[in-house]
Amino acid sequence: MISTRLVSSVQAVLATGSGIVIIRSCSDVITDRHWLARQYVWFLIPYMIYDSYAMYLCEWYRTRDQNHRHSLTTFRNFLSKNRLMIAHHAVILFVLVPVAQRLRGDLGDFFVGCIFMAELSTPFVSLGRVLIQLKQQHTLLYKVNGILTLTTFLSCRILLFPFMYWSYGRQQGLGLLQVPFSIPFYCNVANAFLIAPQVYWFSLLCKKASRLFDTPLAKKDG
């Protein structure tokens with residue numbers, strides 16, 4: 001589990017760094033190019049495959065006391081418990097990768113960089129899960145990491161989308177609220193599909209954080 005989280009964190013740092021480089025190099029959000037926008041995707045593909053397999057192995061290790069062998073039941077349980085994350089990986093591999101590499105042509109490297117920036121929250125999410133595994137949920141480090149997780153997740157996975165709309169609008173001389181009506185409809189639909197699971201996961205993080213910070217107050221009142 002810890003080694004898997006470490007690999008995820010390294011990939012997230014590389015993706016975030018690539019995103020920063022791409023964004024800073026593209027003054028024109030539509031036509032400016034940077035080689036990392038295409039080349040980093042080739043690194044992302046094997047990582048997504050690895051991460052999906054690692055998630056399955058983690059599920060198998062959790063249930064190996066009952067079943068030491070890989071089985072269809074274990075695989076079904078894995079699919080059931082992780083269906084949203086698996087769908088997320090599948091969309092990246094079978095939709096976003098073709099769009100990033102071929103379908104968008106030579107346009108939009110800036111927005112590819114923005115999507116890479118979404119990985120900024122991953123190291124904090126990974127550290128939180130490692131601390132849970134080590135039973136360090138009540139330490140100051142865990143609480144500080146929780147705040148950083150919420151902050152980076154909100155900034156780079158949710159507010160990222162209004163930022164992309166704002167960046168396009170600024171270049172085109174449009175207000176933020178005008179942008180959705182001036183771009184192709186499928187762009188709005190694609191962004192809606194991308195942001196929907198992020199909002200759901202953020203709501204889960206908020207619920208988890210509220211339980212964490214409510215616990216000391218409850219003990220004090222008791």
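Note that Cβ sites are derived from N, Cα and C of the backbone, with glycine treated the same way.
Annotation source TrEMBL lists domain 'TLC' at 1-214.
Long-range Cβ contacts of the transmembrane segment (41-63) within its own chain (Cβ-Cβ under 8 Å, at least 6 residues beyond either end) map to 1, 4, 7-8, 11, 14-15, 70, 74-75, 77-78, 81-82, 85-86, 89, 92-93, 97, 100-101. According to TrEMBL, the transmembrane segment annotation covers 41-63 (among others).
As annotated by TrEMBL, transmembrane segment applies to 84-104 (among others).
Per TrEMBL, transmembrane segment is recorded for 110-132 (among others).
Under the heading transmembrane segment, TrEMBL lists 144-163 (among others).
Annotated transmembrane segment per TrEMBL: 183-202 (among others), in sequence order.
Per-residue pLDDT, averaged along the domain 'TLC' (1-214), amounts to 89 for this model.
Within its own chain, the transmembrane segment (110-132) has Cβ neighbours under 8 Å at 1-2, 5-6, 8-9, 11-13, 15-16, 18-23, 26, 28-30, 32, 34, 36-37, 40, 96, 100, 139, 141-142, 145-146, 148-149, 152-153, 155-157, 160, 163-164, 167, 198, counting only residues six or more beyond its boundaries. Using a Cβ-Cβ cut-off under 8 Å and counting only residues 6 or more beyond its ends in the same chain, the transmembrane segment (84-104) has close neighbours at 37-38, 41, 44-45, 48-49, 51-52, 55, 112, 115, 193, 197, 200.
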